[in-house]
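J.: Below you'll find the structure I mean.
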Amino acid sequence: MAVTEAENPLVGEITCGSLLQKLQEIWDEVGESDEERDKMLLQIEQECLDVYKRKVEQAAKSRAQLLQALSDAKLELSSLVSALGDKSFISIPETTLGTINEQLAAIAPALEQLLKQKEERVKEFSDVQSQIQKICGEIAGNASEQTGAPAVDESDLSLKKLNEYQVKLQELQKEKSDRLHKVLEFVSSVHDLCAVLGMDFFSTVTEVHPSLDDTTGVQSKSISNDTLLRLAETVSALNEDKKQRLHKLQELATQLIDLWNLMDTPEEERILFDHVTCHTSASVDGVTVPGALALDLIEQAEVEVERLDQLKASRMKEIAFKKQVELEEIFARAHIEIDPEAAREKIMALIDSGNVEPTELLADMDNQIAKAKEEVLSRKEILDRVEKWMSACEEESWLEDYNRDENRYNSSRGAHLNLKRAEKARILVNKIPGMVDTLVAKTRAWEEDRGISFSYDGVPLLAMLDEYAMLRQEREEEKRRLRDQKKYGEQQNTEQEAIFGSKPSPARPSGTKKVVGPRANGGTNGTPSRRLSLNATQNGSRSATKDGKRDSMKLAAPANFVAISKEDAASHVSGTDPVPASP
């Protein structure tokens, strides 16, 4: 029964005491000595101590690990809070009470939440920094060289830092938008200029950068500093090319028009080059028609100018005579006398001799025409005053005829109009001396400035004015003499009537009514010829020989300032209205 219990030590509760009792029973049964028993018990005790010691060491090690984990958790929690920069939205335990495991359990939720927030914040920083890096690369022109996402500084993941990056990103996005707008403007300018110049837009713009082609999306176009600089240089070069081509085309158009006018080219031929001549006065910005300044168009104009130049050489005489006629007309308008026959003979001799190039001859004639126009401008003021003076003289001549008309106050047709004209004519006649004085002063100033005499149709104007002043003085003296003679005659008639009595005057015949009309030596409007004379005939007309030379060098006044015969004087003083005397 005892053996059975010993073989089954697990019967009942197994403890150290029961095991020791069982061991005593075994030793007793075996007959172990006390020495062996003590030695065995010491060995068992040592083994138990070793077990306890190991367990204590394991427990201590576990505690140290927990403390390190707690310390690491607290450190990580602190670094996360510092990096994220805001802990107001997370419940972080601040107490150090409780066991280590309780403290770890209290920190774990906050730590887990902060780690999640850190992960999200790092992703936000990475996205913003990636966009910044991409735009900076596009601006710098090395976007293709960038590889991988930028490194995120996890020591500062605060919202303030994130906001700074976002502000920087917005500024870069705005700069990118502005640069893209500039690029599109430049590309549009290049497109328009290439269209006007007849150039290939695709090859021109892709030479600057391949991404500028129309097939490339807007956001994919290069916006680098180098691209903008090269676009600006391209636009500037195209504008300069456009300016030079327009200048060349305008020169060709001017030459075409001049050649057409010289050779009376029909309108049908001119219409063929309307696309050239329509830009004669156009500005650089005003030319926008595609192909308007293409090289082939300019070449066509050059070929046509060269063809017309060759044709002009064959029609040299005709063209030269046309220019000579133009020159003669200019001199005629300026009342400058020339010898047209001698000029034409000289032109014929030069052309027939072949010693002068046609272009040189025409250029010389153009120069003469330009100088003649300058001469006309310098004489314009004086000629205008001469015109006014001659008009005033014509009105004075008409006024004399009007004053000699005994029926001027009759109620005939147009009498009131003649009366008004007479009033205006008297006012104008009184201004003639002032006109003459001003004209003399202006003429002398012109002659002193140029060192030559001012001639009017070959007659020195100052000599003409001096002659006019002398004749006007003689005329005034003649008027005074006639008035004195009239007074004397009236006095004699009065004395005779007192002696012999009054005598009835004969009746005036009714059929001899005089109507004021055109002067005998004037034109259809009652005004005398305005061409001044060199010979002092009574009607004041200028006589000239066949070659335009005058027969005499004796100066005379305008047509209305001639000596009055006694018969004319007598009829003049018989008028009822006195002639207004000029001051």
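Just so you know, the numbers here start at 1 and follow the chain as drawn.
Just so you know, glycine gets a Cβ as well, placed from its N, Cα and C.
Please treat TrEMBL annotations as automatic predictions, because they have not gone through curation.
From TrEMBL, here are the annotated features:
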COILED    49-76  coiled coil
COILED    155-182  coiled coil
COMPBIAS  476-489  compositional bias 'Basic and acidic residues'
COMPBIAS  526-543  compositional bias 'Polar residues'
COMPBIAS  544-553  compositional bias 'Basic and acidic residues'
REGION    476-554  region 'Disordered'
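Mind mapping these onto the model and telling me what they sit next to?
T.: Residues 100-101, 103-104, 107-108, 111 of the same chain sit 6 or more residues outside the coiled coil (49-76) yet have a Cβ under 8 Å from a Cβ within it.
Confidence for the coiled coil (155-182), expressed as mean pLDDT, is 86.
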J.: Treating G and I as helix alongside H, and B as strand alongside E, what does DSSP give for the compositional bias 'Basic and acidic residues' (476-489) in helix, strand and coil?
T.: 14 helix, 0 strand, 0 coil
